Amino acid sequence: MAGSHPYFNQPDSTHPSPPSAPPSLHWYQRCQPSDATSGLLVALLGGGLPAGFVGPLSRMAYQASNLPSLELLIWRCLFHLPIALLLKLRGDPLLGPPDIRSRAFFCALLNILSIGCAYSAVQVVPAGNAATVRKGSSTVCSAVLTLCLESQGLSGYDWCGLLGCILGLIIIVGPGLWTLQEGTTGVYTALGYAEAFLGGRALSLGLLVYRSLHFPSCLPTVAFLSGLVGLLGSVPGLFVLQTPVLPSDLLSWSCVGAVGILALVSFTCVGYAVTKAHPALVCAVLHSEVVVALILQYYMLHETVAPSDIMGAGVALGSIAIITARNLSCERTGKVEE
């Protein structure tokens, strides 16, 4: 037969064969979280959840031993100082490269201002409300600052999630603001909300400054500088503005140690996350701190949680779900060789 002749069995050069199908990949090779998704997950699990314990534990230490906010800030800053050993082992300068040292100090100063305002607010305002105001203001300010200074826009889903977080903030804090007591108590409560708001603004600006720092040991350097700046500022202020108090019982010491460790973990995770994802989205995901703080406020501090608090926390969780689902993308790791 003609088809059996070698001439007819040769491939037709005028009609090239279709390209071969790409090799099949395992499920863990086909799909992996993007950088933005990884950053948001780290912010959610490592930044927001541990930070939710900090406010209630700080309030417990204050109720048990009347521990002032500046002293609690000093104890927390002490947990940052051992990072100097890591920098020395790596051969990195403790204060960062000389050309960006001033920005690193400014970032550390903003972090300390944010933390100090948060610790002061949680002593006069319920822990959940203080966390809500701080995270809500940081979310809004991060979105505005990043849009104006970095020209980094957000998608429609991201804006929907941000607006949802703000709505949750209004639902939680709104009823409390309308029922402020007259006199000294009402003034202190209003000042507590103002401190929480200013703490959120300082946090958003600090995250933006941190994103502008580009050197290998950026995170440990800023963490060490935050502890150093916090000690230099809060130790003199403690003796001038407040009265030093030594924790008197095991509960107070346990709260102080837990606050220092959990706050350092949250600080590290947020610093990593903000280099991977939009600062406004990171701040929005950190609203998980509000949910944890409200739960601990009810079960540990035995403080009343209003229905509006539960509703606002639900709205915030739904907004976090929208942002996370929007950024939950997959990247193919295998490339077909041509």
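Note that Cβ sites are derived from N, Cα and C of the backbone, with glycine treated the same way.
According to Swiss-Prot:
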type	residues	note
REGION	1-24	region 'Disordered'
TRANSMEM	37-57	transmembrane segment
DOMAIN	49-174	domain 'EamA 1'
TRANSMEM	67-87	transmembrane segment
TRANSMEM	105-125	transmembrane segment
TRANSMEM	160-180	transmembrane segment
TRANSMEM	190-210	transmembrane segment
TRANSMEM	221-241	transmembrane segment
TRANSMEM	250-270	transmembrane segment
DOMAIN	272-325	domain 'EamA 2'
TRANSMEM	281-301	transmembrane segment
TRANSMEM	305-325	transmembrane segment
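Looking at the domain 'EamA 2' (272-325) alone, the prediction's average pLDDT is 80. Taken residue by residue, the domain 'EamA 1' (49-174) breaks down under DSSP into 102 helix, 0 strand, 24 coil. Within the same chain, residues 103, 106-107, 110-111, 113-118, 120-125, 129-131, 133-142, 145-146, 149-150, 173, 177, 180, 218, 222, 270-271, 274-275, 279, 282-283 sit at least 6 positions outside the transmembrane segment (190-210) and bring their C-beta atoms closer than 8 Å to a C-beta of that stretch. Counting Cβ pairs under 8 Å to the transmembrane segment (250-270), the stretch among 37-57, 105-125, 221-241, 281-301 with the most such contacts is 37-57. A contact between the transmembrane segment (67-87) and the transmembrane segment (221-241) is present, since 3 or more of their C-beta pairs, 6 or more residues apart, lie under 8 Å.
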